[in-house]
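Visitor: Let me give you the structure first, and then I'll get to my questions.
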Amino acid sequence: MRLAVIAGDGIGPEVVTEGLKVLGGVVPDLETTEYDLGATRWQRTGELLPDSVLDELRGHDAILLGAIGDPGVPPGILERGLLLRLRFELDHHVNLRPAKLYDGVRSPLAEPGPIDMLCVREGTEGPYVGNGGVLRRDTPHEVATEVSLNTAFGVERVVRYAFERATARPRRHLTLIHKTNVLTHAGSLWSRTVEEVGAEFPEVTVAYQHVDAASMFFITDPGRYDVIVTDNLFGDIVTDVAAAVTGGIGLAASGNLDASGTHPGMFEPVHGSAPDIAGQGVADPTATVLSVALLLEHLGLGDQARKVNAAVAFDLSTRDPQQPVRTTEVGDRLAALAGG
Ligand code: IPM
Ligand code: MN
C-alpha cells in the first residue's frame, strides 16, 4: 500500500503517528511518503498546495491527513487553499462520516439508546464551490452572494453511493436531509434524485427531513437514523451534531472518497488541530484510527478494517473514564489489539 501522509498542524502529527502505528500493524507492505503541508509551510514559504505535490499525491493509494490549521493564519486560507482544494481536485464527492455510540462511551444525552448512523455528505458541490462574489465591498451597500451549486450528475452519484451503503446494512434505511421547503430548486433536484435512484433499491426504506427538524431529532431520537444523505453544508453541520451525541469530536472519523476509485481517498479525523492541547501528548488518536479503518474498508481490506474497528470498540469499552488519555498509550493498545 502506497500511502501519502499529511500530518499537518497542532495535534495532527501526534494522532497520525498513532494511526500509522495501527495501520502498519495490519498492513505489512505499507509504504509511506510524508508531505509537509499546512499552516507551518504556508507561514514559512507562502505555499499551500503546489501543483507538483498534488500530482504526487494522485499517485498514491490513499492519503492520511491529521489536521490543518493555526490561529495565526487568517480564516479561509488553509481551508480553501489546501483542504477544500484537495477534496475538489481529487473529486471527493463522498464525505463519509459514521457516528456510532460505542459501549463504554458516554453520550451527553440522558438516554441516548443505540446510535449507529452513517452520514454520506456530498463533498464537491453545494455552497462550498466558491460560486459567489461581492459588490460595493466595505460600504453600507455591500452585497455578498454564495451560490449553492447542485448538478444532476453530482447529486445522483452521491445519492447512489448512499443507497448502496444502505442496502448493505441490516436496517436498510436512508434519510435525505435538506430544506426543500425553502431551497426549492436544489431541494427538488435532491428529492427527485432520491426518488429515481430509490426505485432501483426497493429494499431500502426512505425518509425525508428538513435540516432544522433533523438537527432536533439528532438530539431527541438519534436512534432512528441509519444512512443519511445530504448536501455539503448541511452535512458539515449535522455531522458535528452526530459526533457530539456519540461521544464527541475526539472519536469522529471521516473519509473523503471518489467512489469511482479514480482518485485516492483522503482519510482524516473530523477534529481540527486543537492548538490548545498540541504538544502535550493528550490528544485522543481514536478518530484517526477509526479513519484508518475507513481507509482499509475503502481499499477493499475488509478483514483488516474489522480488526481495527474491533480494537477500538474493545479499547473504548474497557477504558477507565477517570484516567486521562495519553496519545501514545492509546495508539500502543490499539496497535496491539488490531495486530495481535
Ligand atoms: C470539516 C471542516 C471543513 C468543512 C472546514 C475546515 C473547511 O469543518 O471537515 O467538517 O467545512 O468541511
Ligand atoms: Mn466541519
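Even glycines carry a Cβ here, placed using N, Cα and C.
Because TrEMBL annotations are produced automatically, they should be read as predictions rather than curated entries.
These numbers come from a predicted model, not from an experiment.
What TrEMBL records for this protein is below:
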BINDING   Arg87, Arg97, Arg121, Asp212  substrate binding site
BINDING   Asp212, Asp236, Asp240  Mg(2+) binding site
BINDING   Gly272, Ser273, Ala274, Pro275, Asp276, Ile277, Ala278, Gly279, Gln280, Gly281, Val282, Ala283, Asp284  NAD(+) binding site
DOMAIN    2-334  domain 'Isopropylmalate dehydrogenase-like'
SITE      Tyr128  site 'Important for catalysis'
SITE      Lys179  site 'Important for catalysis'
Visitor: Could you list, ordered by sequence, which of these binding-site residues: Arg87, Gly272, Asp276, have a Cβ under 6 Å from ligand 2?
Guide: none
Visitor: Under 6 Å from ligand 1 by Cβ, which recorded positions from Lys179, Asp236, Gln280?
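Guide: The recorded positions passing the 6 Å Cβ test are Asp236.
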Visitor: Quick one: mean pLDDT on the domain 'Isopropylmalate dehydrogenase-like' (2-334)?
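Guide: Computed over the domain 'Isopropylmalate dehydrogenase-like' (2-334), the mean pLDDT is 97 on the 0 to 100 scale.
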Visitor: Pull out the recorded positions from the set Arg121, Lys179, Ala278, Asp284 whose C-alpha sits within 10 Å of the C-alpha of Asp236 (Mg(2+) binding site).
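Guide: Of everything listed, what lies within 10 Å of Asp236 (Mg(2+) binding site) (Cα to Cα) is Arg121.
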Visitor: Any idea what the Cα distance is from Ala274 (NAD(+) binding site) over to Arg97 (substrate binding site), rounded to a whole Å?
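Guide: Here the two Cα atoms are 20 Å apart.
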Visitor: My understanding is the cutoff is Cβ-Cβ under 8 Å with a sequence separation of 6 or more in the same chain; which residues meet that for Arg97 (substrate binding site)?
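Guide: Set apart from Arg97 (substrate binding site) by at least 6 residues yet with Cβ under 8 Å, we have Leu118, Cys119, Arg121, Gly235, Thr239, Ala242, Ala243, Ala252, Ala253, Ser254, Val270.
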Visitor: Since the record lists Ala274, Val282 as binding-site residues, which of them has the fewest other Cβ atoms within 10 Å of its Cβ?
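Guide: Minimum Cβ neighbour count within 10 Å, taken over the binding-site residues Ala274, Val282, occurs at Val282.
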